[in-house]
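Below is one structure, written out as structure tokens; comments come after it.
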Amino acid sequence: MYNEIDLDKIDITLGPPAKEPARQYYFIARCREWVRDFEQRNGRVPNSCVTTFGCQMNARDSEKLEGVLKQAGFAAEPDERKADFVIFNTCTVRENANQRLYGRLGQLGRSRKRNPDMKIALCGCMMQEAGVLEKLKKSYSFVSLVFGTHNIYKFPELLSACLDSDRMVIDVWEDTDQIVEDIPSERKFSFKSGVNIMTGCNNFCSYCIVPYVRGRERSRRPEDILREIKSLAADGVVEVMLLGQNVNSYGKTLEDPITFAQLLTEIERIDGLERIRFMTSHPKDLSDELIQVMGSSQKICRHLHLPVQSGSTRILERMNRRYTKEQYLELTEKIRRAVPDISLTTDIIVGFPGETEEDFQETLDIVRRVRYDAVFTFQYSKRSGTPAAVMDGQVAPEVVKDRFDRLLSEVQSISAEVCSVHTGSVQEVLVESVNDHDPSLLTGRMSNNLLVHFPGDASLIGKLYSVRLKECRGFYYLGEGGQIIS
Ligand code: 5AD
Ligand code: SF4
């Protein structure tokens, strides 16, 4: 395990070992040398800033980047303009994510003029996209390091190369079948953690760029996942979020296949762990076995994120989602029968090519029928290289905007009603932080993922605490404290 490795004992004059992860520890040791030199020259340690765009998988990857930088001796600097090493972990799921990145990069390029030694690195999904690398080389040549999603475990080696070079270091792989375990990571919270259980996606929904930039589906071995969670629990983590693009198909491609439900059953047995969450679930792969495990579990949280994308069977077919509106509705009913207090949330895209007003009405209908606790709504964004980008019937932007606004107002009024049903009840929350706006309040998360603000002091952070819900404010509650549960 990483914790047992003494970086100071690595002799960097011996050259890098061939095997992973030992090779990467060698490069962390080399980066430490570079940091010592920097400190001698400048009278201070260098600092670094990791900026994350996109989903929870990226947030987890960024913890690994932070872990490596910390082990190498960099100090954390929240303001990217003041950092010596800046890394953007990028997203490309919608076009505006790319535009935001170029905007931020342009700004940083200008502030770099004041600190020409600043190194800027880019990694993550956008770097895997066709054409991006060429654009960076042409218009953003001040960038020092570019790598993608498949070789993030190589960050120490690439960091070392970039610190020693004045040229742009580039290492973007097409795909990989490798999963390297035990790379250091810096947790954002002491009491909860994301855990990757798989990477990639094989579904090829016709609008989605993820299968092209994250590659084929690969599951981590259950023994590696269990070992990681046991060590997190021993370190005080009470809640884990299992992460994957499609967790319901976990384990299918392993040498000894196991199901996601079986993995959950094993995780449930880990002492000290109190809560288990997971995302994202694909409706077509959600099994009866999983529903049964969720129904009988003491630790799996009462929340399921189940992206529907559209309520129209015709559009779902064009999206290559492989379920119908009726099958989705049956599935949600089955889940609610097994887990009556479950909170359901979803993702919806409006304006997919070919979507008519009738199709959109089907989406409004499914929203009214399922009555989601929360809906993440997106305007369709054309991603080149995906089948939908060249489909006929692209919808005019003003029509998309109009449907988006109508959907949003519908989901907001339904969610406010659905969320308020818990008023007056006593709920177990995991206390996460001191409230941003009022330091006399704490913020806790209920099993169903809703937030509650209540009076209390910071010593409760990380504890499970019972709170009475006094008042619903739309998407969160105000409560009053009770007692520590554990
Ligand atoms: N346009 C709009 N939304 C998209 N999503 C994925 N690809 C696109 C796209 N091209 C949404 C889906 C997915 C969520 C993470 O992002 O709803 O579930
Ligand atoms: Fe994209 Fe579909 Fe895979 Fe989700 S399941 S990542 S929407 S291709």
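From the backbone N, Cα and C atoms, a Cβ is placed for every residue, glycine too.
Nobody curates TrEMBL annotations by hand; they come from automatic prediction.
Going through Cys125, Cys162, Cys201 against TrEMBL, the one listed in the [4Fe-4S] cluster 1 site together with Cys55, Cys91 turns out to be Cys125. Among the binding-site residues Cys91, Cys125, Cys201, Cys208, the ones whose Cβ sits under 6 Å from an atom of ligand 1 are, in sequence order, Cys208. Cys55 ([4Fe-4S] cluster 1 binding site) sits 14 Å from Cys201 ([4Fe-4S] cluster 2 binding site), taking the CA atoms of both as reference points.
Among the binding-site residues Cys55, Cys91, Cys125, Cys205, Cys208, the residues whose Cβ sits under 6 Å from any atom of ligand 2 are Cys205, Cys208. Per DSSP, the secondary structure of the domain 'MTTase N-terminal' (46-164) breaks down as 64 helix, 23 strand, 32 coil. The number of other Cβ atoms within 10 Å of the Cβ belonging to Cys55 ([4Fe-4S] cluster 1 binding site), over all protein chains shown, comes to 17. In the predicted model, the domain 'MTTase N-terminal' (46-164) has a mean pLDDT of 95. Of all the binding-site residues in the list Cys201, Cys205, Cys208, the shortest Cα-Cα distance to Cys91 ([4Fe-4S] cluster 1 binding site) is found for Cys208.
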